[in-house]
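Chemist: First the structure, then my questions, so here it is.
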Amino acid sequence: MSYNSLTTIDIDITQLLHLKSVNLRSNKLGNSSGVSYFGSMDTLQKLNLKENYLTELPSTFYLLKLSSLKLDTFTPLYQQQQQQQNQLQRPIINSQSTSNESLIHEINRSFENLSMSEPVSPRIAALKNEKKGPPKPLPKTKGLHSSSSNINTSNNITPILMSPIHDGNKKSPSIISNNNNNNNSNSNIITSNGTVIPQLVFKNEPTGGRLRSFTLDADHISPGRELVSTGSSDEILYFNSEGGCENSDSDEPIQPLSAGRSRAQTISGKQPSIINNNNNNNSGGGSGNNNNSGGGGGSRKAFQNLIKSAKQIGSNIKNKTHHINGHSSSSQSNSTTNTPSISSTPYPTSTIKTNVSDTNTPVNYNGQQQISKVIQRVSGEIDPLYSGIDSPRTLERRNSSRDDIPISPPQGCMTPIKRLGSVEGDEISAIFSSSTDANMDVSQDYSSSTPTVNSMSYQSSFLDTFDNQSTVGSPTFYQLPVSSQPPQHPPPPPPIKDNNQPKLNQSQNLINTNSNSVTTTNNSSQTTTTTTTTTTNNNNVLNLEKLHKLDFAEDINGDERCSNPLYSKKKLAGLLFPNKHHQPSALKTAKIRFKSSKRLATTVNSNSSNNLMMSNSPLSSSSMNLLQQSNSPQYSGTPTSGSFQNQSVLSATLMSSPSMSDVFSGGNSQGGGSSLSQSGSITPVAPLSAVQGSPIGNSGSVNNIYLEGDDFIRDLMQSPIINQEIEFTSEDGVPKVKNITLKMLTSLLTHEKGQSNELNGIFFDTYLLFTSIPLVIEHLESRFLNGKNHIVKQKVITFSQKWVEVCWSDFKEEHIELLLKFLNDCSEQIEKLVTGSFALRTSLNLLLNIINMKRDGTYITEEEETFEQPAPIPDFIQLPNCVDINLMDLRPHEIARQLTILDHELLTQITKQQMLDYAVHQTNSPSIVKVTDRFNYLVLWVSTEIVLSLTIEKRIETIFKFVNIALNCWYLKNFNSAIAIIAAMSKPSIEKLKQTWGFIRNTKANAPIQELKELILPTNVARLRKIMDSVEAPFIPYLGAYFSHSIAIHAGNKSIVNEQYINMQKYDMMGKIIRSITVAQEKKYNLTPVGVLQKFLTDSFVLTEKQLYSEASKIEEKGDSYITETTKFGSIFKKKDK
């Protein structure tokens, strides 16, 4: 609904219960336009209200759980009651004085242009129309072309022109005067064209205080960049309206409502402002120069003075920054063109103590180098909602997902960090500040030249886990542009050795004070490297230079589901469902089904006419919609029997449905039908007029409604006769059979009124746990011989056929002979029937043929599965002379494919009977043992590859490789191999490698490792089962989660209640596990096996548990001079205390 000039939102929009995204950009909606209605919509996820007329955030929005909310910068409100301000009036031509006639016409044209231009937002309109004082008196004609510097007298005016935002041709940078002497705190800002912009005051902030703009994030509100700025600290790097990061020299147009742009940019355009630090005496908010009039435009001499002052300020900032890093402030400027300087106001800075810098190493700075000011917040109590300058979420957007920090910078040191995916020369300078620790003291020692930090905390890996971090105390990044000409450094002197404290090498610009690893910056290539630190114990070398170059890069191969799957964007759930935000839960699905059934069960007055019932009631439309989906087991397309008295028209509607007509004609229906539709000799249904008043509960007459699913169970609950041998319950509004006798269960499975596919599935999967085949045959025979109509007999034969097809592996030879004897008795009974004998005999002959083909092995259940697309070509090429296969040379997705093929072959060998035996008796059948041994072998192989890597660099690369393999297995829905790989990384022998894990915790690989490790925790096994149940086949489940759950179900629930009732709730839970594994067995993967790789994955050398622990201990002894200290702020390499 964007760009529609909407002025109001109707309250009826809240009736859209499944609305997730609303786009209302560029409309005319205000706070009283009904926007607050969106606060009552719980399903809303995305809302765009940019370029509207909102003046404040509606209070109802705080309750929404939005993933995206786009708003304009809020229009600030005055805290105090402001006086009525006079509007600017057009000058009137007086007949007595016509000397200013030309000027008056020009001003009138300006007013017309100003009135014709529609404001982009209320904020711009406020900036245009607000005035703090009365309008100036009309000047004379002489004042228009005056060059006098006295611009605030009554003889001069400020020209009223069109807002520069609407001036698309304006390219020159604006000149803002930042006078330091005799400036009022509440002075207005005057742009280069003379437009007076009054100072903005917020609702909860006193006049003259610090001004902020606010931006809404996904979960909370965090303050954005400073709203009003006369410096260039936020012109070098700022946020646009979409939350991205742009440079000021970009050619793209800037949104006028961009959050984080300075107020000077909002008025004058996107060019960086040039600060004029003249010491002129200005008052009343005016700004200007002695050689300028109207606050802008000036002579060349004034502009040259401005450039000189800007260079002087830039030099001072360089010196300050140089002292912070522990170096001298001597710098040489090679160029002085286009150098914006940094204003020392209005940002307060923290106290920085700089004693002595290293003067032995001169540093050259290029004049073209742009330096941004390091901003520190002032101490004080700050509301956590408005505490940091930048939240971790905004930093994530600014860095454009390039958030990898290879090594944690030390506390208090401004360390250039190379960002992942950046090109040469793309560096940022990070300063870690804290909102809680107000004063930061950076001091230096004469001997060590090493800065130390007091009361300073930071978090190095916050970008990887920004969802779980708060805005308080989060680090803030500011860009420090690097000059095009690298400075020249003299040859470094020998490093200073000290046993107590590490020294700073003369060639190094930065040092980590908390570790022996010394970080250096190579200015010639503009890349960050790390020098090699040696220890005095055992001469062990920790090559941090190689470690710094190691980085985790995702390597997940896509397919038709998703062409470019990435864990960093989708996480584990997104890899399984790339096209869905989330899967509907079972509870939500059950509620939808219950609501649809409840609508169908609406009571209709028995005295109402048929025409009114079918034309006006929602029953007809609901029943017709569900009847079209009668082939789906999730929808039962018929109403309950107890809901209608007059059913003639409804019966006609049901009979007109193809699925219902098949049922009444003896055809195949859902859940197993017979071949009676081929003969068509079944007794026709009685006329509708004859069955209008017939009770549905009478089993001796032909029923006119066939119920399925939940409606069938719900109808049984209303029958007083059936309730004698059955107990019902309800789960989330869905009716369930709780306890039942075997005789009643047989009756329900062959009931003439309907069927429940769920009840049939429970029986076929778990009947061997509570009964036996001979006992079931006995009850079926009794049901067939005592049936009062041919429909019951037909249902018995249909159920027997389905039983043989699904559970043929359960039948032994004696069971087959018993079944044939039962069918022979049924044949004799059919011969005695007068009607329907031919149809029943045909169904019986079909069942006998199926049994004979099953015994001979000639029965074909279904055709061989075919795929629409060919299998992907294996991504593996073996060289002719290469005998051995190296793990690091293989692609992760191809290893995952071969692991999936191996696991699926072993999974298909497990039978249903073996699953039941394991759940009841914990019997280890050969098929289950093979799956278990394969899982344990994969765990040992991964652990062996990690431990046998000789250096820490190789161990890190090996872990990165296995993380990518696990992610590819997860994407292929091979949960078994993915869990095995992560279980190997959780072994105690692997977790002993503290140096290795200390580095990995600060890389992108840590996020998927931790998320996978959480799934294998005992408390999260239920969550893993829910994920496996929600995916579609093909998939390979982690059987450990299913088997442990089945054992707990069997041990914690009784099989027989009150000595005769079968506990159907227990077997319902058991049946769900069996069905999940069965579905995974039936669906195959469309992959190509590679014999060489499969042999490599099955015959590789592995170490035992004892050998793994021994090798890991040796690695720890070699690296005993270093330990890893893990805190909530990251991992830091420290020297072990003796």
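A Cβ is built for glycine as well, from the same backbone N, Cα and C atoms used for every other residue.
Just lifted these from Swiss-Prot, have a look:
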- 140-158: compositional bias 'Low complexity' (COMPBIAS)
- 263-275: compositional bias 'Polar residues' (COMPBIAS)
- 326-352: compositional bias 'Low complexity' (COMPBIAS)
- 487-496: compositional bias 'Pro residues' (COMPBIAS)
- 498-511: compositional bias 'Polar residues' (COMPBIAS)
- 512-540: compositional bias 'Low complexity' (COMPBIAS)
- 605-634: compositional bias 'Low complexity' (COMPBIAS)
- 733-855: domain 'N-terminal Ras-GEF' (DOMAIN)
- 891-1118: domain 'Ras-GEF' (DOMAIN)
- 126-180: region 'Disordered' (REGION)
- 239-301: region 'Disordered' (REGION)
- 319-360: region 'Disordered' (REGION)
- 389-411: region 'Disordered' (REGION)
- 473-540: region 'Disordered' (REGION)
- 601-643: region 'Disordered' (REGION)
- 660-680: region 'Disordered' (REGION)
- 1-16: repeat 'LRR 1' (REPEAT)
- 18-39: repeat 'LRR 2' (REPEAT)
Chemist: By DSSP assignment, list the helix, strand and coil residue numbers for the repeat 'LRR 1' (1-16), in that order.
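Modeler: Helix/strand/coil tally for the repeat 'LRR 1' (1-16): 5 helix, 0 strand, 11 coil.
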Chemist: Residues sitting near the repeat 'LRR 1' (1-16): Cβ under 8 Å, six or more positions beyond its termini, same chain?
Modeler: 22-29, 33-35, 37-38, 40-41, 48
Chemist: What does DSSP give as the helix, strand and coil breakdown of the repeat 'LRR 2' (18-39)?
Modeler: 5 helix, 3 strand, 14 coil
Chemist: What average pLDDT is reported by the model for the domain 'N-terminal Ras-GEF' (733-855)?
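Modeler: Looking only at the domain 'N-terminal Ras-GEF' (733-855), pLDDT averages out to 90.
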